[in-house]
Amino acid sequence: MPTFAQPVPDDIVASSGLRSKFRPHVHGNYQICVEPSKGMETFYNDAMSTQLESKTLADIPGLGLVHPMALAMANCLPERLPAITRFADFTILNDDYYDIAKRDEIEKVNSDIQNALQDASVPGSKTQSSAGSDKDFKPKQMQAALVLELIMLDQQLAMDIMSSYSQGLDVATFAPDNLRTLDEYLPVRKVNSGLDVTAEMVCFGMGLRISPSDKAKLRPVVDLANFAITVVNDLYSWPKEIKCHLETPGSELPFNAVAVLMRHGGYSEPEAFRILYAKQAELEGEHLRQLDALRAQEGGRLPENQELYVENAQRAVCGSELWSVYTRRYPSKADLRQPEVEFVDGAFRYVADGEGAGEEKVVSESVESLPTTEVEDEFSSSDASPGSVDQAISTPPSTTFCSCEDEEEHIADVKEVCEDEADGVRDMSDISQKSKKKIDTLLPEGPGLTTYASRLEAAPDHAVIAPIKYLATLPSKGVRDTFIDALNWWLEVPEDSLRTIKTIISMLHDSSLILDDIEDDSTLRRGSPAAHMIFGTAQCINAANHIFVMVLAELQKLRSPLKTAILIATEELESLFVGQADDLHWKYHVDCPSTEDYMEMIDNKTGGLFRLCVRLLQAESTRTDVLDLDPRPFVRQLSLFFQIRDDYQNLVSDAYAKQKGFAEDLDEGKISLPIILTLQRARTRPEIMGVLKHKQPGPMAIEMKQYIVREMEKCGALESTRELLQGMQEDLIAELRRLEGDFGAKNATLELVLRRLWIS
């Protein structure tokens with residue numbers, strides 16, 4: 001592997017007072033981090049409406065401005081270093097935001113981040129999206145842009161970062177307060193400070209592919225280095241953290257190794273510092289001893305990728321310390337002219353504030369004036385220590401680097417015709433006030449009930465809505481809500497209208513799922529029993545039909561004339577039912593349509609709901625400068641891609657098989673694109689048609705399904721479908737770029753949704 005790391009000059013190391021025994025390195029092109037870091041700060045503050053300063057660029061004498069990632073990942077691939085820098089600064093700025101935000105604000109940010117991190121390509125995740133303003137959606141676009149940048153560079157390793165970040169997010173945000181020793185503290189702090197994420201960022205940055213089993217083998221050795229990073233971070237961040245705590249009434253106690261030692265070990269602040277100095281040295285020494293032992297087991301040397309991984313862990317320790325010495329993010333006690341801190345009666349305070357306190361003392365002066373031997377002797381003989389350094393100092397590492405022209409004319413005509421009668425139409429509602437009250441009871445509204453999911457959860461257990469409530473408990477990818485939010489980034493629909501449109505689309509989608517499962521004889525939905533298997537076919541048909549009544553009630557809430565909304569809904573629902581009729585006809589008669597007819601069916605069936613969504617959003621849009629823009633070609637391509645991808649994944653995806661069963665479309669007798677291509681090409685067409693025509697109700701025998709899939713592979717139908725999907729992927733991105741240009745804004749959220757569905 002090429003080397004990009006360069007040793008930091010000896011004179012710079014010497015003047016820094018570095019304690020680490022490892023040799024610090026810096027990226028040979030470390031200056032490329034400066035602009036990404038500054039840009040991320042601006043990007044974050046604009047998205048979050050904050051005025052935070054990351055202070056991640058340290059002015060190191062002899063080097064100039066250096067970002068922590070250039071020291072912690074000195075051998076990072078140059079083309080990946082800017083993206084790593086931006087992501088690291090995002091995590092750091094987010095940490096600062098948590099310090100000033102309310103808990104409900106923090107939880108919302110975390111929820112948005114989790115949604116951005118979820119892998120939408122795997123069925124089974126459960127997401128919820130609430131309608132929001134442009135201000136609310138800006139953070140989501142920022143998060144999506146960061147994830148997208150990493151995925152574009154290396155999707156596999158990027159998803160490892162996202163998975164680790166998602167798993168540790170709650171611990172990183174809300175640290176526990178029941179850790180009494182450093183042995184308890186260190187492992188938790190390692191996660192809290194983002195070092196597990198940093199480990200995946202290292203692999204991404206350097207392009208290292210290390211198996212989970214090899215990472216597990218290396219973990220004890222690497223964790224020792226990570227614990228040393230935590231000690232370094234806690235030592236240098238303590239003055240800032242305790243200052244913030246003491247000056248912020250009601251704030252949480254600092255989650256810091258110094259605090260653990262003072263609160264639960266009975267140590268003074270200087271004693272806690274001395275213990276942590278000794279602990280850093282001990283951790284580094286034990287790391288080297290265990291590394292030597294591991295190498296001996298492996299014949300004297302680890303494989304190159306593993307050696308690079310461990311080497312980076314060492315450089316991260318000393319790099320973290322060198323950066324901490326000079327960064328403005330961590331002013332020293334001397335910089336702050338901060339008195340010694342003590343812990344008395346369950347609270348921290350400055351010694352100068354205590355009764356009979358003497359002169360202010362700066363801890364850095366008192367600690368550094370003691371010889372190393374005195375530090376070690378005092379620690380080893382201290383009666384306050386319940387055990388060894390290991391017992392007292394088990395502190396987890398805290399990394400400082402973690403971060404339609406025709407369509408519009410049509411709508412305009414309708415609006416003009418009904419402008420004078422709009423109020424009358426609304427007054428002459430098709431639904432009586434009594435009926436509307438009944439509907440409101442079945443799907444309640446009110447404070448806190450801002451999403452379709454929350455309204456369903458609050459709905460009564462009435463038979464007419466029970467199948468819908470059941471569907472809401474099943475896993476969902478949430479793609480439609482994300483799609484609506486992403487389009488709204490361009491169209492700027494009022495919040496109440498956006499919420500209503502999401503509800504309408506969700507209602508119609510649920511209705512179609514219930515009816516589809518009945519019409520397709522499906523017994524499973526997302527790995528669970530289909531609704532009609534629980535509530536009965538007749539009851540589910542009634543519930544699905546009742547949804548249309550509720551949709552009419554929701555349409556009345558929109559700001560555009562009711563006649564416009566009803567016209568749009570009627571036209572697109574007609575398309576949906578026409579498409580479904582073709583699909584059912586081909587299945588019942590085992591009739592193989594042409595590829596063109598199949599595409600038209602998808603455009604009607606799948607595209608109907610997408611177009612309904614887009615047209616309602618356009619009708620409610622507050623923008624007047626985009627009336628001549630037409631997103632329908634993009635929507636058509638997206639609909640085709642969604643359905644054909646589903647056809648393909650149903651036959652080849654292990655994840656789909658786990659959720660739905662192997663080749664479930666064949667159980668239903670569905671005429672999908674791979675089946676059409678197979679029947680057009682295979683010499684065994686008569687045999688396959690025979691299997692399909694003589695299929696009995698219920699699942700197809702596994703041997704028959706395996707036979708048909710083998711024939712698909714032999715004749716190239718599956719490969720042709722895959723190639724078609726890959727071409728569609730390129731067309732979708734090209735169409736997205738056109739729309740971004742027309743609307744005048746990038747749409748990272750929409751692109752991320754697309755790319756996570758890609759077929760490789």
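Using the three backbone atoms N, Cα and C, a Cβ is placed for every residue, glycine included.
As the structure is a computational prediction, the values presented were derived from the model and not from experiment.
The region 'Terpene cyclase' feature in Swiss-Prot is assigned to 14-335.
Per Swiss-Prot, the feature Mg(2+) 2 binding site maps to ASP95.
Among the features that Swiss-Prot reports, motif 'NSE/DTE' is placed at 233-241. Mean pLDDT across the motif 'NSE/DTE' (233-241) comes to 96 in this model.
The annotation compositional bias 'Polar residues' is assigned in Swiss-Prot to 391-400.
Marked as dimethylallyl diphosphate binding site by Swiss-Prot: ARG525, LYS605, THR606, GLN643, ASN650, LYS660, LYS670. Sequence-distant neighbours of LYS605 (dimethylallyl diphosphate binding site) (same chain, 6+ residues apart, CB-CB distance under 8 A): SER575, LEU576, VAL578, GLY579, GLN580, ASP582, ASP583, GLN643.
Here the motif 'NSE/DTE' (233-241) is broken down by DSSP into helix, strand and coil counts: 9 helix, 0 strand, 0 coil. ASN650 (dimethylallyl diphosphate binding site) falls within a helical segment according to DSSP.
Among ARG525, LYS605, THR606, GLN643, ASN650, LYS660, LYS670, the residues given in the record as binding dimethylallyl diphosphate, the maximal Cα to Cα distance rounds to 21 Å. The binding-site residues under consideration are THR606, GLN643. Their Cβ neighbour counts within 10 Å are lowest for GLN643. Close to LYS670 (dimethylallyl diphosphate binding site) in the fold, though at least 6 residues off in sequence, lie ASP520, ASP583, LYS587, each with a CB less than 8 Å from its CB.
ARG525 (dimethylallyl diphosphate binding site) sits 40 Å from ASP95 (Mg(2+) 2 binding site), taking the Cα positions as reference. Taking CA atoms as the reference points, ASP95 (Mg(2+) 2 binding site) and THR606 (dimethylallyl diphosphate binding site) are 42 Å apart. In the three-state DSSP reading, LYS670 (dimethylallyl diphosphate binding site) counts as coil.
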